[in-house]
Amino acid sequence: MTTVYYDQDVKTDALQGKKIAVVGYGSQGHAHAQNLKDNGYDVVIGIRPGRSFDKAKEDGFDVFPVAEAVKQADVIMVLLPDEIQGDVYKNEIEPNLEKHNALAFAHGFNIHFGVIQPPADVDVFLVAPKGPGHLVRRTFVEGSAVPSLFGIQQDASGQARNIALSYAKGIGATRAGVIETTFKEETETDLFGEQAVLCGGVSKLIQSGFETLVEAGYQPELAYFEVLHEMKLIVDLMYEGGTENVRYSISNTAEFGDYVSGPRVITPDVKENMKAVLTDIQNGNFSNRFIEDNKNGFKEFYKLREEQHGHQIEKVGRELREMMPFIKSKSIEK
């Protein structure tokens, strides 16, 4: 049975009197740091010089190189991209850890797959908001929150659980509810969701639909509208009320087509392929491939990215979005 923790369930403020170093000031970093600061905690930022360093200064934080921030802190929350956490930990965090420090993460990748192996005398915990940083911050300011996960990997001090829950409350997460998990469960489910459904699955489904229509002689512009542009309408309905809300909101024609044609596209073979993806995540094949490619300068990653950038659906989409000024441009600068 899933247990959800709320504000009233956090009986002890285990962060009281402790200094918190937030390492990184990107999407999650700025939200965690500002929420904690607004709740009265002593927060410093650890980051390398650059735009984020300057932004943290502008936002009123004491900002230090990572090693200096860690030296001062009792709790260290690492909010850096997965691929750079290992080097930053080895060179700047690990040498400055002290007994009974608490080392925290918002995603379990590097702990679960052994890239980062903390000493046995420090606490290791996870607090993972289920939403992007700007939403974590905005909902906090509005008086609500984004639901989050928390988990304990090591409890050297005997207080890791209290510290993790206090941290979750500090960023506002217990207003909405915090679900207990493990580093293993959070990591494997997160990667599976990204690869099989949210990113890999959806993007390939859209591409295949686009190609099917274009190859059948339909105009690429119409294909784009039908399989990509209108996706937002469906996702918004699903986000607000699940698949039942989608089916309630669409036409009877669309709903009937959902029932009779959906299983023809997503066949039992697709589920078997999903199981294979999950197996590659569980046994470390995916993480090893990602880690090795990172060591080799992301040659495979950048090659795959460039191939996808050149797909016809991307070219058509860029042209059509010029016709829609009501869409706030989020195009990536090259």
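Cβ from N, Cα, C; glycine included.
Residues or ranges marked as active site in Swiss-Prot (evidence: sequence analysis): H107. Sequence-distant neighbours of H107 (active site) (same chain, six or more apart, CB under 8 Å from its CB) are D82, L126, A128, E186, T187, D190, listed in sequence order.
Taken from Swiss-Prot, the feature NADP(+) binding site covers Y25, G26, S27, Q28, R48, S52, D82, E83, I84, Q85, G133, and the record attributes it to sequence analysis. According to DSSP, G133 (NADP(+) binding site) sits within a helical segment. In sequence order, G26, S27, Q28, G29, H30, A31, H32 constitute the residues six or more apart from G133 (NADP(+) binding site) in its chain with CB-CB distances below 8 Å.
What Swiss-Prot lists as substrate binding site is S251. Taking all protein chains in view, 8 other C-beta atoms sit within 10 angstroms of the C-beta of S251 (substrate binding site).
Per Swiss-Prot, the feature domain 'KARI N-terminal Rossmann' maps to 1-181.
The domain 'KARI C-terminal knotted' annotation in Swiss-Prot covers 182-327. Per-residue pLDDT, averaged over the domain 'KARI C-terminal knotted' (182-327), rounds to 97.
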**Request:** With an 8 Å cut-off on Cβ-Cβ distance and a minimum sequence separation of at least 6, pull the same-chain contacts of Y25 (NADP(+) binding site), or say none.
**Result:** A33, I45, I47, S52, F53, K55, A56, V63, L79
**Pairwise CA distance, R48 (NADP(+) binding site) versus S251 (substrate binding site), rounded so that it is a whole Å** = 53
**Request:** Could you give me the DSSP helix, strand and coil counts for the domain 'KARI C-terminal knotted' (182-327)?
**Result:** 122 helix, 0 strand, 24 coil
**Request:** Determine, to the nearest whole angstrom, how far the Cα atom of S251 (substrate binding site) is from the Cα atom of I84 (NADP(+) binding site).
**Result:** 47
